[in-house]
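*Asks:* Pulled these from TrEMBL:
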TRANSMEM  12-31  transmembrane segment
DOMAIN    25-299  domain 'Sugar phosphate transporter'
TRANSMEM  43-63  transmembrane segment
TRANSMEM  75-98  transmembrane segment
TRANSMEM  135-152  transmembrane segment
TRANSMEM  226-247  transmembrane segment
TRANSMEM  259-276  transmembrane segment
TRANSMEM  282-301  transmembrane segment
Amino acid sequence: MEPSEKKSSAAVSDVGAWGMNVVSSVGIIMANKQLMSASGYAFTFATTLTGFHFAVTALVGLVSNATGYSASKHVPLWELLWFSIVANMSITGMNFSLMLNSVGFYQISKLSMIPVVCVMEWILHSKRYSREVKIAVIVVVIGVGVCTVTDVKVNLKGFICACVAVLSTSLQQITIGSLQKKYSIGSFELLSKTAPIQALSLLVFGPFIDYFLSGKLITSYKMSSGAILFILLSCSLAVFCNVSQYLCIGRFSAVSFQVLGHMKTVCVLTLGWLLFDSELTFKNIMGMTLAVVGMIIYSWAVELEKQVNSKTLPNVKNSLTEEEIRLLKEGMDNVPVKDVQLGESKV
């Protein structure tokens, strides 16, 4: 194959991976909102839906291992169980947040993971941050705060679910990093190991959790052809989201991942407003803009900090800074394993 043809083929492959990630990540949020909202199919069983996602993801992982596409490395069962609990809380919380809140508030609340992760790293690892990073975090917090106050659809239960989702997802992001470094395991391999555990636990306990939170039993839900179609669509998009995340890792630079994350955030906010949120005030728009600008400043500040550290300490890796870059690459949207998208996790 000619060098020009190789470059052309690689470019097409990159665009395909990028496009698949954007479409699946944004699409699954829209599909889940339509499925779970009262104005849609009112499928208020977010935990069980997450179980469906993981069941399909586990099947894909088994096929991947059986065909030799991915290798299986040993990770102690107790660590997999701990990670599965945190991941289940993360994705279930995200789904309930999406069901109970507007799409705009749901997406903006996810950006608050930036300050939460920073605080957790500071508490757990005594991480120090540059002035630029601190400024970015403050801007994000102000933006999220404005959105919370001005969003008329925010309710107490939805706000609590958003808080649980953000805290557990932030802890999940940190746990993913530590497990990957400790056992030299990739995110897709880790997902393949935890997906069967998560699927089994969510499908067994999910209906009871859903009943406790929504007061409805899944057996009483009248399943329509439209609801079945959206459940299948949601599960399919979860798989595509996982696969595209795996294809993108290592293919793009940290800066490219940052642009990809910002693009998905803007797409979700725009489509959420057009399809679901009828009211969007000037203050709400200002809050969203502040939060997104804060995210962009944060991305720039982390990259700047990494460059400074690489110059001052050329022979020493700053693992925590690399961890920040990994967070940007794998999940300010996502989590992969990550929030609803990844069913993982990004459901």
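Glycine residues also receive a Cβ, built from the backbone N, Cα and C atoms like all the rest.
For each listed feature, how buried is it and what is near it?
*Replies:* Model confidence over the domain 'Sugar phosphate transporter' (25-299) stands at 79, taken as the mean pLDDT rounded to a whole number.
Residues 32, 35-36, 70, 88, 91-92, 95-96, 98-99, 188, 191-193, 195-196, 198-199, 202-203, 205-207, 209-210, 213-214, 216, 218, 221, 227, 230-231, 234-236, 238-239, 242-243, 340, 343-344, 347 of the same chain sit 6 or more residues outside the transmembrane segment (43-63) yet have a Cβ under 8 Å from a Cβ within it.
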